[in-house]
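TrEMBL has this to say about the protein:
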{"type": "DOMAIN", "residues": "415-512", "note": "domain 'Cyclic nucleotide-binding'"}
{"type": "TRANSMEM", "residues": "88-110", "note": "transmembrane segment"}
{"type": "TRANSMEM", "residues": "122-140", "note": "transmembrane segment"}
{"type": "TRANSMEM", "residues": "160-180", "note": "transmembrane segment"}
{"type": "TRANSMEM", "residues": "227-250", "note": "transmembrane segment"}
{"type": "TRANSMEM", "residues": "282-302", "note": "transmembrane segment"}
{"type": "TRANSMEM", "residues": "314-331", "note": "transmembrane segment"}
Amino acid sequence: MPPIRPVTKFAAMGPSSPSAVMTRVQPVKARRPIPKFQTSMSLPAQFLNRIARSPSKAAFIATTAAARRHAWFQAIHPHSPAMKNWDLFSIALLVFTAVVTPFETAFTVTTVDSFLFVLNRFVDACFVADAALHFFLMYYDEASSVWVSDRRKIAWKYLSGWFFLDVISMLPFDLVGIAIDNNTVKQLRFTRVLRLLRLMKILKVLRGASNFRVWESKMSINYATIALAKFCVLVFMTSHWMACIFRMVVDIEEFVDPLGFKFNWMTEHNMGGVSIAKSSLAIQYMSALYWSVMTLTTIGYGDLVPTTPGERSLAIMCMLIGGGTYAYVVGSVCQILNSMDASTTEFHQTIDTLNEYCHHNQLPGELSARLREYFHSSRTLLRERQHHNLLLTMSPGLRGEVALYNNQWIAKIDFFNCSNEFERNQFITAVALLLRRECFPPNEFVIREGEFNTKMYLVQRGLATKGKVMYSGGTFFGEDIILTLRQRKIAVRAFSYLHVQALSKFELEELIYSGLYPEIQRSIRRQVLKTAFKNNFVKFSQDTLRRRSSSYRARSSISSASNPHMMSPMLRSTLGLNVPLGLYQDLMPKPTPPAKPVHDEDTVDNIVEGVSNVIDANFVKYDQGLNKKIDQVLAQLERLEKYVAPNVIFSPAPQAMPKVSAPTSQPTNSAVYLEAVQQLERGEIRTLVKTNSRRMSMGML
């Protein structure tokens, strides 16, 4: 509630009525705080806001002036959209300066009423604006890793850097030359030297080249292509500048023969029977450019040579510069061409080494051909290994984004997924770095029968067969690596050249046991329980069907070992131990029960009873579909997991299984449990039933 302020005008009169009292008090309206950042407000609103906040006229004037200074003199970020557009415009001005200014200085005479004079004044104005803009342009301090916005530091940084060269390039030397020409002092060589000083504008190109690194990161062009483009520009600009200087030396030197005639390379060489000095500007420029390219490439035809001492002195300097430039360009271009595709160069070296190996070991021609075909088909492995090493050099954030984009298939695996998006993304990134690229030729075994489950495979290209099942790109097999180390019963063979990504079981276990992915660990544990139970259930169902097919033995005697209705007590004891706590042999550590029961025993017993009833019903009614039976059992298993598994405390897995007590002595409950777990894990359901039935009849359980 806003505070109440009494009205002092009526305070001494006294209240004449209750209504008068109500009219003599006014609530003080709470002033809304004015935000400091007002750039989103319109100009009239900002003006009124300053008036409302200023208690006096002087304060209002000071506030207005400070706001204007802040608006007009704030620092500018070099990566802002406006600065990017200005940089593009500056590049166009630099290209004009580097190409037109030398040609204009060497071959033409600019007058005040010419178009080039007006265009040069516009370029000069733009350069002045660019220099003023750099007093407000933020720079990146590598020592503190921050963008500096203090205008004093920005000004000092610019004054101690490129300011001197910018000032020299902006001086109007051409205006001084025109003023001297207008005063008819044309015989002075000072005017010709001033024409040379106009080339100081080319210094602006140096600063533009230093900022090119910022644009390199914005381009998606190959670096080798950019380097080749740079060398082409370097060769062209060097030839162009040498041609312009070769023409300018004629006017600067003004060499004459003993008879008083002009003597230079232009008067001594003809083009079509006409002296080059009397030819058009195009012929003069082409002749000068011809000489500069000939000198730069060290060819030297000798049909156009310098004749005066000044021209020969310039030729010596140009030959030295041209020879160094030519050697640098040729060497760099050869190196770039060799490194444009490093994987191709490495592949050629590998094939050469393979041919040498086959010849040295005198391998058969058919085997050598198969080896060469394999290496040609697995050529992409070299590039993929380079990409894998490139991932390792990225920052964790960028590496995660790239891994998520390229390995979305990992999230399609149920037990590699969870509700925590951050944990899932981190896990996908970690798994992506564990993948190894492999290639298999046609008819080669990827997984052999009896081989241990040490790897999981994702098909990138090619086809693979597993019995009657065909695997193509984007599919995976070998997901049983989450179970214990066991032999695989079905082989997988490559149908064509098969490119896969392999995930090692041991690296995956190390990643899961790191403790960084608890939800993924619980998801894998649930899948281990389901897979182990499903495998044992299928095997027991097959054994049951096979036993029931023998009608003679089924009618001869019905014992506790062969009666499926007797399965409920035995499996209830086994499931009561194994299902809630998990099969620690299958990837997960051995569970340690909590000190106090975490759930009502009646609830857990009811769920175990439900599991046993479903098992009994499915074993008796074996004519139903097997998939439906498994789904019913897994539904009860998930109920049990929901009640018991989340509160299990795990401890490190034992290095070896404890030995069961000797058969002569009465076994303990822990020994019976361990033996039952081993039998269930091996699928020996029939032995488990006989053993537990005998122990129950003897009162041992």
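Here the Cβ of each residue, glycine as well, is placed from N, Cα and C on the backbone.
Whatever TrEMBL says is automated annotation, not expert-curated.
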Seg_contact(the transmembrane segment (88-110), the transmembrane segment (227-250)) with at least 3 CB pairs under 8 angstroms, min sep 6: yes
Chain residues in Cβ proximity to the transmembrane segment (227-250) (below 8 Å; excluding those fewer than six residues from its ends, i.e. six or more beyond): 98-99, 102-103, 105-107, 195-196, 202, 264-266, 284-285, 288-289, 291-293, 295-296, 306, 310-311, 314, 318, 321-322, 325, 329, 332-333, 336
Distant-in-sequence neighbours of the transmembrane segment (282-302), which means Cβ under 8 A and at least six residues beyond its ends: 103, 107, 235, 238-240, 242-244, 246-247, 265-266, 269, 271, 276, 315, 318-319, 322-323, 325-326
Distal contacts, the transmembrane segment (314-331) - CB-CB under 8 A, six or more residues away: 231, 234-235, 238, 242, 245-246, 249, 292, 295-298, 306
Secondary structure composition of the domain 'Cyclic nucleotide-binding' (415-512) [DSSP: H/G/I, E/B, coil]: 28 helix, 35 strand, 35 coil
Averaged pLDDT, computed only over the residues in the domain 'Cyclic nucleotide-binding' (415-512): 87
